[in-house]
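Taken from Swiss-Prot as is:
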{"type": "DISULFID", "residues": "91-141", "note": "disulfide bond"}
{"type": "CARBOHYD", "residues": "109", "note": "N-linked glycosylation site"}
{"type": "SIGNAL", "residues": "1-25", "note": "signal peptide"}
């Protein structure tokens, strides 16, 4: 019996996380972490912005366009990365709450992550590209994906049903110039 594609993907992601190479970014090691800024927007053109200390996705136009949050990234491996905002001072994390996963913003400097692999796992996301779009899966809870609601100005969250028609899990992710 062949394992499903989803099972293989989760196994590969887990192995990459557990046995990442020596060329990976190491804050206290051989190679310094390099934070990069990216623009992110979902396939419905909603961008991320901060409202009442919560990351939300909506349509920003005119003078509000300056509210768009850039996503700060520190790569661990080609597919594994830490995500943050506010110049890496607030990091996205996945925290279990009952039987669901919740997306949190934690006041942690993104360049300080990577020193404690087990503790940092909640901040780690697996980036998967499919054509022009990207998905972000939680490394600490495989099967949970970063998502936006179909409606504008709703919190960015996590879903374990990425194909559900009420959420958007595909994003355009472009390095900021």
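The first residue you see is number 1, and the count goes up from there.
Keep in mind that glycine also has a Cβ here, set from the backbone N, Cα and C atoms.
When Cβ atoms from all protein chains are considered, those within 10 Å of the residue listed as 'N-linked glycosylation site' total 14, not counting its own. In the three-state DSSP assignment, the secondary structure recorded for residue 91 (disulfide bond) is strand. Taking the Cα atom of each, residue 91 (disulfide bond) and the residue listed as 'N-linked glycosylation site' are about 7 angstrom apart.
For residue 141 (disulfide bond), applying a Cβ distance below 8 Å and a minimum sequence separation of six or more within one chain yields 94, 96, 101. Taking all protein chains in view, 24 other C-beta atoms sit within 10 angstroms of the C-beta of residue 91 (disulfide bond).
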